Amino acid sequence: MSLCARPSRRPALLALLLALPGCGNVEDPPGRVLDRAPPGATLKRPEKPEGTLAVDKRAEEETEPGHGAKIGSIAMRTWIYVAPDDRSTKLGYLRAGAVVDRAEKSAGTRRCEGGWYRIVPRGYVCVGKGATLALDHQVIQAALRGPDRAATLPYAYVMSRSPAPHLYFRLPTDKDQRRVEGPTVREHVRLAITPQVPLDTVPTFLAEGRDLPKPYGAVEPLRYTVHAGRAKEESAFGLVTAFEWTDRKFGLTTELDLIPLDRTKPAKISAHHGVVVDKPGVPGIVVAHGATKLVLGADGQMRESGIAPWRSGWILTGNTKGGERGLWETTEGFWLPAETMLIGTPREDPVGHARAGKKWIDVSIKKQFLVAYEGTRPVFATLVSTGRGGMSDPEKTTATVRGVFYVHAKHVSGTMDGEEGSDSFDLRDVPYIQYFHEGYALHGAYWHDEFGKPRSHGCVNLAPADAKWLFDWTDPVVPPEWHGAVNLEGGTLVWTHGG
């Protein structure tokens, strides 16, 4: 059940990805052009009149963020603009519940009655449907917490069983659950195998008997007495929190729906991870079962010393015996046959990024192998799952698009879906998405563990740990508390090819 959101089927997604103005230089304060001094010139700061220090400090606190004032997101996407104008360049967005530092004073009200506020580390947000200065707003209180950017996955994940779980919008009493799910619900709960997720206490917002609000931009289905129907079949969810209520475990989703976890099953979180080259050498990934480790004895003969696990990653020193197709030495002191590995050797990209010392990503569709480079030096390698259409036409099949592209939009998480018969799915909060061409992206996959084989609908699937590493390494950078960033003019290069 793999995926790649195709623009022809997702006009809203295409608008998000492509209908954004190009990004300019956002290092300087928006709206100004700074005069540059000649190289080597010494600039003398003008002396300030006495008594202006307090005034200057107050003015800075009013117009610059970082002095205690806050703004909160109440939408699934609260856009951040380079200037206080919704026709200026989009830099990224916040997600519902995020609270960030802001300037105390509004920067204007152009097409924004609530006012534009500068935020940390850059950009402007409009107070209105997507953002508020009232941190006691019900969406902010209900959302509780954002994604855990320090963890391998930003949320705990579960996948629906059949029938799919009901979407409650308030804490259901035992009577409510029997009325909605049937009189045998307690027997179901007793027999069900419930996913093991970290449990918190019941959120205060819900314990007070309040109805869950919907962030602006979230789907709002028809609400019945205590629920809003069922989730889609073959759906999956990222959980903001989970807790016990009426001797039953419930999870709160990122779209602020409450689901009984006994109607779900655990996500399939792969333990696979690539290799980071944090010392001199090149990366190698074992792709053969039963790859024999060899050690050099005192007599100069090679002896077997155990098995290198399938899909394990190693740093290779560059020393070989019998040439590049012979044995390779690892930094652990043993040797591995080249025929058992995929090796990320130094190389250049087609457009000269490597010669300029820049970051870039090489994806071999034939080998299902990804290598990240800084210049010509490989710094990371792993196995991936590209489109199951292989090397066929991406316009007609599920093949991954081939060519040289650039990462232009990054999302900590996002929803992807498919519409291909039995492969339909509704996967919420797919982690660490990096779009590089239309609807094609690098992203984490929590629904399979077949990395090293073609499996997707065209995207490049990564194990969660690898998706996070790449997300943190590539450009554009997504600042803390932001949920996404955009740069249509030059993120990290991605070269997908059949080699």
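Cβ from N, Cα, C; glycine included.
Small disclaimer: the values here were computed from a predicted structure and weren't measured.
Features of the protein shown, as given by TrEMBL:
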| type | residues | note |
| --- | --- | --- |
| ACT_SITE | H443 | active site, proton donor/acceptor |
| ACT_SITE | C459 | active site, nucleophile |
| COMPBIAS | 44-66 | compositional bias 'Basic and acidic residues' |
| DOMAIN | 359-497 | domain 'L,D-TPase catalytic' |
| REGION | 28-66 | region 'Disordered' |
Cβ-Cβ neighbours of the residue listed as 'active site, nucleophile' (radius 10 Å): 30
Composition by DSSP (helix, strand, coil) of residues within the domain 'L,D-TPase catalytic' (359-497): 13 helix, 65 strand, 61 coil
Per-residue pLDDT averaged over the domain 'L,D-TPase catalytic' (359-497), given as an integer: 93
Those residues of the chain, 6+ apart, with a Cβ under 8 Å from that of H443 (active site, proton donor/acceptor): M416, V430, P431, Y432, I433, Q434, C459, V460, N461, L462, A467
